[in-house]
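Listed in TrEMBL for this protein:
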- B:462, B:468, B:471, B:472: Mg(2+) binding site (BINDING)
- B:40-155: domain 'TRNA-binding' (DOMAIN)
- B:409-484: domain 'B5' (DOMAIN)
- B:711-804: domain 'FDX-ACB' (DOMAIN)
């Protein structure tokens, strides 16, 4: 048998063994056995010295080729085996991805605060500052400065929790109008503020009344602020809160601290104005009160009504939230049943 | 007031505008119309019947069989149970198949064996309220005062086909509490001039001022006080047309005299009162303030002890009426009255308001006197009432007027600057348009060079300054025509101040950690209000609370959170982690207003949330609460300056499981477990709470952040485990370690706490990891060993620690 034939035989046998190897260890053994220093190919190569000068290079290169072929066959088979191992591992590691994830804690902001936060951010974008004021107010700021003297019939509109003759739970956020007017330096530009907060009325709590609720006051005073500016501003608010398609309607009303005074209706967001249960079949929903600041309010706070003027509005976050989310009982806001609160977990409305 | 469409159309041409459409227009230009009432709504097949004959029901002692002409070929038989049914009456018949009040259907039927073709009705049965039905028909069927066409629907004969516009007035527009005022308002809106009939009086005989002497002791409080005497009257029911006007406005017809005073009040908005002249023994009328505790019985039979602030009408000696509020039983007009003294007056609104409030007598009269009276029409209304008494009661009107006081102020003149109107409204309304609106309002004016001088009629006492006139122009021009713009002018910066930012940070962090935000009531019971505070102040109490549950201002937020917890526990919500941010109220010496301190408080109860199939469930504990506090303090930048000190001074908290939180020697809050006694009293499970004073944190100055590069040299960690007496606190150990740890010690963290038999009674093992870092070099083992030796020997010496 020639060396060449012997090599052919080794190759065939080797390839067979490689194909048959079913794990990496066996394949390694084959590599050592076939291609190692004591392996048959090395043995063959040792016999080269007995060959003629002509044959030696031929057989030599043939032997190297076979060595190479076997080596790459081993590599290929190794890849196949690695792949199989990986497949087995992946199958083994498979989990039920439909099981729930490990929950991250998430708290829900109170819906009234979400409503207030949203309005605050809207007005900050419009260049308003946010003003805080005391919840326990003096009669002076709550009423007198707002053009509501003692025994004024308008005091009937707001049943008041008095603490002493002069001290009370504020019935509205309007006293912060007077407080900011007194403080503001008009030489530095217009006064544009909102003031949200808790207010109190002497009411029995029921589905539509709460002795504690929230208000958000707005006030803009400058040398030339018009009622048209008020209308435009309120349109921005109505559309921001209740949807871009909302129209607003102004109706005459009365507040001692504004003249002219208006109530503001929005076109019903439930029916678009055609009339439904939400708007009591009128197509309109009353949402807030507003007006041009009464000259007496300005002059009492030391601002000259001949030079300065502007608008004020007051809206109810409780009412806004009730309307927008169909809350039928105002007490739900203050009972804090977690099931109620969690309905507003989605903060992107 | 309910404005009758039919009555209104006698004063102003309504141009056939549908009542609902008119109401909508009035709402948008002037006064909110709450609803348009149709008294005949839902009623049908109710007609006039003429009872031809009656006979007793053979099987009943109270039913009557009536033969009734209902305009059909034959009379029908109707069984009637009313005691006042009689032959020849014209009555209200509900035919078979009709609908009466409350959507009730009437069927043909038999009553105790006798056929009944419908029902003869009382007014209540066709929708009248008990309070307006004339007394004689209150407990029986209604009988028309005169013949009506049989078989015709009854609605037009009873004023039920009228439409009533319910004017929901604001306090400034009491001028529309009379038909004339309403006519001016509607007329201005639809560009129609209202027309009112003239009052023509035939006066004869004695002078009013001779028959009655009048004196007003308080002319300041009674700017007008006028009396007129009408003699020889015959008391009887008013004609039906007048009764209709009253009952459609919620007023019960009584007799012609009382009805006339009420009718003229509805016409002019001027309350009137009629006294029985013969009951006034001294033939005098006086107006004065009451004496303290002066006794008086009003005509509703109620007995009063008057106050010195009440104005009273007297017969010269004793009171015969509470001025502007209610007359007295002792001078009431009765069936026997022959001569009446009519009173028309203007009383001080504040005085009337005070009396009406304390007596809780909010009458049609007091409401109008409180809100204002048209000073120009006082005398006219008095004359109008006299005229009606002549017409309807056969009265003889005595000459002239007995005047107690008659100060009628001049109408105000107010300048209107057309440029100012447009400046305020942001409009371009022409001067001509403005003048047209003033004409529609029936205001006199002089069109001067640059301004318009407007004379405001006395009937519009709500108008006194230019801004009031601007409102009149604006509303009648139409708010729908205002442009929509945004304020221009110098740019202003909108931003949250530091306090608002801090509060937002606090809320945001607690929310991110899974606490739900709540809003509780600020008004609580006294024990709730003053609990959970290191510095209880005198409780601030409402003068007139609505309920005892909400009578005191809170000095802590925890009581509210506990109420929220109780509510949730009652509704099977047992795992609760909530917080509230809000103010507490603290009295301050020598200061009127209490201090309002922004606080945040949180509460944990039940199982740690969120629960999942991956995590072992456990109950909230003290360290959940404390961890949250430390987290907050870290975000707020004061964690390093804060100490937690064991505290047993708050009665509602567990004395062994509470820490007060100290920042710069000031207690700024606490964290702890609700006291077992408190838990038991409120039926709560184990519950943890914390509260922090945000104002104290806000007032803490924070250093500017100056960044350093992260250290490039390796850090070194060394662990040390100690066995200590149980009463040695972690804080003591950490303090000592820090004191002795040298300048490269960057952190000390505890990683194990263990107590058990192995260690011994009253002992525990604490294990700490010390972190060292030299920012400028690699730390050498010898350096650290030296420090560690110093630390351990300090622990051994000072705390008797045993190093394991």
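Placement of Cβ uses the backbone N, Cα and C atoms for every residue, glycine included.
TrEMBL entries are annotated by machine, without manual review.
The Cβ of residue B:462 (Mg(2+) binding site) has 19 other Cβ atoms within 10 Å, all protein chains considered. The Cβ of residue B:471 (Mg(2+) binding site) lies under 8 Å from the Cβ of no residue that sits 6+ residues away along the same chain.
Cβ neighbour count for residue B:472 (Mg(2+) binding site): 25 (other Cβ atoms within 10 Å of its Cβ, all protein chains included). Residues in the domain 'FDX-ACB' (B:711-804) partition by DSSP class (helix H, G, I; strand E, B; coil) as 30 helix, 32 strand, 32 coil. Contacts of residue B:468 (Mg(2+) binding site) defined by a Cβ separation under 8 A and a same-chain sequence distance of 6+ are given as B:414, B:462, in order along the sequence.
According to DSSP, residue B:462 (Mg(2+) binding site) sits in a coil region rather than a helix or strand.
Residue counts for the domain 'TRNA-binding' (B:40-155) under DSSP, helix first, then strand, then coil, are 11 helix, 47 strand, 58 coil.
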